[in-house]
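Enquirer: Pulled these features from TrEMBL for this protein:
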| type | residues | note |
| --- | --- | --- |
| DOMAIN | 3-416 | domain 'Enolpyruvate transferase' |
| BINDING | LYS15, GLY87, ARG115, GLN162, ARG339, ARG381 | phosphoenolpyruvate binding site |
| BINDING | LYS15, SER16, ARG20, SER160, GLN162, ASP308, LYS335 | 3-phosphoshikimate binding site |
| ACT_SITE | ASP308 | active site, proton acceptor |
Amino acid sequence: MTVRLKGEMKVPGDKSISHRAVMLGSIAHGKTVIDGLLTGDDCLSTIDCFRKLGVEIHLDGEHVEIEGKGLEGLKEPSQFLDVGNSGTTIRLMLGILSSLPFHTTVIGDESIAKRPMGRVTIPLKEMGAKIDGRAEGKFTPLAVRGGGLKGINYNSPVASAQVKSAILLAGIFADGETSVLEPENSRDHTERMLQEFGGSVETKGLKKTVRGKQTLKGSSINVPGDISSAAFFLVAGSIIPGSEIIIKNVGINPTRTGILDILTNMGADITIHNVNDQVMEPYADITVRYSNLKSVEISGDIIPRLIDEIPILALAATQAEGITVIKDAAELKVKETNRIDTVVDELKKLGANIEATEDGMKIYGKSNLHGAQVSSHGDHRIGMMLAIASCLASGETHIQNTEAITISYPGFFEQLEELKQ
Ligand code: S3P
């Protein structure tokens with residue numbers, strides 16, 4: 001018999017919100033206090049970069065205090081700015097560096113070196129930033145000399161919050177107005193938080209506009225739990241017989257809740273309670289109980305609302321009756337790994353009936369999973385998906401490279417063990 005998962009838990013702070021709180025606090029005037037910050041490696045990279053830019057940041061567990069001196073308070077660093085594995089750090093920070101009238105060099109790890117940066121450096125250069133690097137500034141290492149930006153109207157070819165945010169963060173210090181039009185809505189944490197720091201952003205359908213020369217004021221930010229981390233337990237509770245898990249304080253920003261919609265359509269037993277939507281970022285408690293799942297199609301404008309949850313949804317689909325089709329998700333190829341390949345290859349090793357397609361995957365449920373030797377490929381979300389799969393698989397599963405999980409979820413294995421009965 002497999003284990004079942006039972007109990008109450010709280011997931012770490014939201015990664016997207018944590019990055020933005022540190023960045024906006026670093027460019028605002030006055031003190032910013034953050035509670036519930038994610039202390040995963042990615043957010044520590046953001047803190048490290050802004051400290052190297054001369055910002056005073058005090059970190060005490062999940063409590064952070066930042067002594068903001070405005071954009072003018074940032075100083076030319078004597079060292080490289082190393083973003084580690086973090087796509088959000090590099091892309092959003094490039095937006096800020098583009099306004100700074102000095103030289104910075106940005107580097108990251110092997111995965112970052114493969115990820116496309118042209119999607120932000122091309123529009124930032126159009127605004128007037130001088131950015132050079134590998135393949136004419138499309139890949140790290142990147143050298144930036146910013147300042148003197150002018151606003152642009154940018155028609156983004158991808159629905160990406162990182163692209164949108166980089167341009168808006170450059171736009172708030174540029175001359176004139178800057179707008180970004182997306183093909184579909186991406187997560188809107190930057191827009192919400194800019195307003196919390198006294199800035200302004202106008203939304204008209206899929207178009208976001210900021211005026212230039214804004215001044216931000218320090219703020220107090222409470223970071224809710226990360227729904228992308230809760231996702232592993234929402235799926236675990238749904239597919240492991242006899243499970244019942246209550247997850248407290250999970251962020252339910254509607255641009256992030258695609259996972260709840262899809263699991264509900266699959267027949268999952270999910271209840272949302274204690275909703276607080278009177279705050280910058282709404283949150284709630286979520287209860288999940290085991291149930292029989294059925295297949296669904298996951299495509300179209302829901303994709304940006306669940307892009308990071310596709311690896312764990314693929315595992316859910318292996319336990320659902322019928323064929324689950326995931327399409328319009330080619331963005332998966334440029335995440336921490338090519339997540340179409342890593343999900344398909346690793347789940348196949350565990351006995352799943354799954355195939356890769358050009359822009360997603362097809363999963364034929366339901367399969368009995370069995371233990372095997374698998375790898376995270378250095379991708380935190382692949383590592384956690386495999387750890388949940390191993391709870392269901394017969395025999396032993398060995399997962400290589402689980403250290404990557406601390407990127408977004410320190411304490412993941414301890415929490416999983418505590419739920420096991
Ligand atoms: C993020 C946006 C998404 C997401 C990433 C975090 C953000 O990336 O996959 O994990 O915080 O803005 P894209 O903007 O590239 O889609």
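Any Cβ shown, glycine's included, is placed from N, Cα and C.
TrEMBL does not curate its annotations; it predicts them automatically.
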Enquirer: Run through the Cβ atoms and count how many others sit within 10 Å of the one on GLY87 (phosphoenolpyruvate binding site).
Expert: 20
Enquirer: Can you give me the Cα-Cα distance between ARG115 (phosphoenolpyruvate binding site) and ASP308 (3-phosphoshikimate binding site) in Å, rounded to a whole number?
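Expert: Approximately 16 Å lies between the Cα of ARG115 (phosphoenolpyruvate binding site) and that of ASP308 (3-phosphoshikimate binding site).
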Enquirer: Would you mind sorting out which binding-site residues among ARG20, ARG115, ARG339, ARG381 put a C-beta under 6 angstroms from ligand 1?
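Expert: Those binding-site residues that pass the cut-off are none, since no Cβ is under 6 Å from ligand 1.
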Enquirer: Does anything in the same chain, at least 6 positions from ARG339 (phosphoenolpyruvate binding site), have a Cβ under 8 Å from its Cβ, and if so what?
Expert: ILE310, PRO311, LEU332, LYS333, ASP379, ARG381, ILE382
Enquirer: Name the one residue among SER160, ASP308, LYS335 whose Cα is closest in three-dimensional space to that of LYS15 (phosphoenolpyruvate binding site); these are the binding-site residues.
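Expert: Closest by Cα distance to LYS15 (phosphoenolpyruvate binding site) among the binding-site residues SER160, ASP308, LYS335: ASP308.
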Enquirer: Whole-number answer please: how many Å between the C-alpha atoms of ARG20 (3-phosphoshikimate binding site) and GLY87 (phosphoenolpyruvate binding site)?
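Expert: If we compare the Cα positions of ARG20 (3-phosphoshikimate binding site) and GLY87 (phosphoenolpyruvate binding site), the gap is 13 Å.
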Enquirer: Give me the largest Cα to Cα distance among LYS15, GLY87, ARG115, GLN162, ARG339, ARG381, the residues the record lists as binding phosphoenolpyruvate, in Å as a whole number.
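Expert: That value is 19 Å for the farthest Cα pair.
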Enquirer: When neighbour density is defined as the number of other C-beta atoms within 10 angstroms of a residue's C-beta, which of the binding-site residues ARG20, LYS335 has the lowest density?
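Expert: Least crowded of the binding-site residues ARG20, LYS335, by Cβ count within 10 Å, is LYS335.
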Enquirer: I want to check the contact list for ASP308 (3-phosphoshikimate binding site): same chain, sequence separation of six or more, C-beta distance under 8 angstroms. What comes out?
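Expert: Looking at Cβ-Cβ distances below 8 Å from ASP308 (3-phosphoshikimate binding site), excluding near sequence neighbours, one finds SER228, ALA231, LYS335, ARG381.
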Enquirer: For SER160 (3-phosphoshikimate binding site), what is the secondary structure by DSSP, using just helix, strand and coil?
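Expert: Note: SER160 (3-phosphoshikimate binding site) is coil by DSSP, not helix or strand.
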Enquirer: For the binding-site residues LYS15, ARG115, ARG381, which one has the sparsest Cβ surroundings, going by other Cβ atoms within 10 Å?
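Expert: Looking at the binding-site residues LYS15, ARG115, ARG381, the Cβ with the fewest others within 10 Å is that of ARG115.
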